[in-house]
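Database features (TrEMBL):
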type: COILED; residues: 95-243; note: coiled coil
type: COMPBIAS; residues: 265-274; note: compositional bias 'Gly residues'
type: COMPBIAS; residues: 279-288; note: compositional bias 'Basic and acidic residues'
type: COMPBIAS; residues: 311-320; note: compositional bias 'Polar residues'
type: DOMAIN; residues: 1-53; note: domain 'SMC hinge'
type: DOMAIN; residues: 105-183; note: domain 'Exocyst complex component EXOC6/Sec15 N-terminal'
type: REGION; residues: 256-288; note: region 'Disordered'
type: REGION; residues: 311-343; note: region 'Disordered'
Amino acid sequence: MPLNRLRPRPANIPKASDAVHLLQKIEYDRAYEAAFEQVFGKTIVCPNLQVAAGYARSHGVSAITPEGDRADKRGALTGGFVDPRSSRIDAIRNVAKWRNEYETQKNRSEELRRAIEQKDQEITRAVGELQKIEQRRLQLENSYGPLRQELRDRSRELQNKRDALEAKQRSRANVESAVHDLGEQLSSYEAELGSDFAAALTPAEEQQLETLSAQVQDLRRRYAELSTERSELEARKTTLEVELRENLRPRLDQLTAQDVENGNNNGGGGGGNGSSMRLQERQHELSRATEALTAIEAKLREAEDAIEAANTNLTAAEQQNSDKKKSQETLAQAIEKHSKRME
């Protein structure tokens, strides 16, 4: 048909998002626009066959789907596409396959559930054993306390034993040194016995021995006198302290309180003067007792110093006297032994 005789009628195209005019999807030369409108002017594209059938009945157009289905204004549905992959036999086979797979997985799930329950029981038993072990560990740690204390005691005892051993070793060394010295002294005595007899003490040493003996006697007598004097001074000091603490100070406090009370009651009258005089007398007595106590303490300190000096001198004199006596006794024993050997 010539293009100049084509008179396409305007189509009632629905204006919706699910209906697209087919001419909008076709690229063509505008010289053939009448021919394209004659052929495709009343065709729309819809997403599915149900929508296409609805627009075909309501707007009197031909509708197609991307799958190839077609619906026209008379209600006819044609075309369509059959996917060979969606076969019923294959579907039945897939159903049977996946049912078997489901049963397999279900059985597997049941086995896993039983395994999980078994593992839970094992975990429960393990937790119980762990708690028992933890309790036993705590008991052992608690029992380690006495053991640690005993270990510390043993270590301390061992250290004491070591210290005692070191002390014994030092003592042994001292004893060995003393034995060595005594051996040398014995050798010297034997050498002295082997030599000619001669007097061991000079006249000056004998005179010094007698002088020291006399000094020892004097110092002992002086020590006894100082001890007696010290005892008397201490007794007197104790008496004064008792008198001061039990009589004078309480009496002074009593008189002071009476003086204050009388002064408040009489407004400073004659009674207050008498109390003041008694208070002054007691204060004088207290001062005299304090001075006497101070003097006794000074004498006591002097006596103590004298006793200490006498003790020092007595100890030195006794040591010198003892040394001289030992030397004399040693010499006498040596002379006696020498005499016996000569006989």
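Placed from the backbone N, Cα and C atoms, the Cβ positions cover glycine too.
Note that TrEMBL annotation is computational and uncurated.
The residues of the domain 'Exocyst complex component EXOC6/Sec15 N-terminal' (105-183), classed with DSSP into helix (H, G, I), strand (E, B) and coil, number 79 helix, 0 strand, 0 coil. Mean predicted confidence for the domain 'Exocyst complex component EXOC6/Sec15 N-terminal' (105-183): the pLDDT average there is 85.
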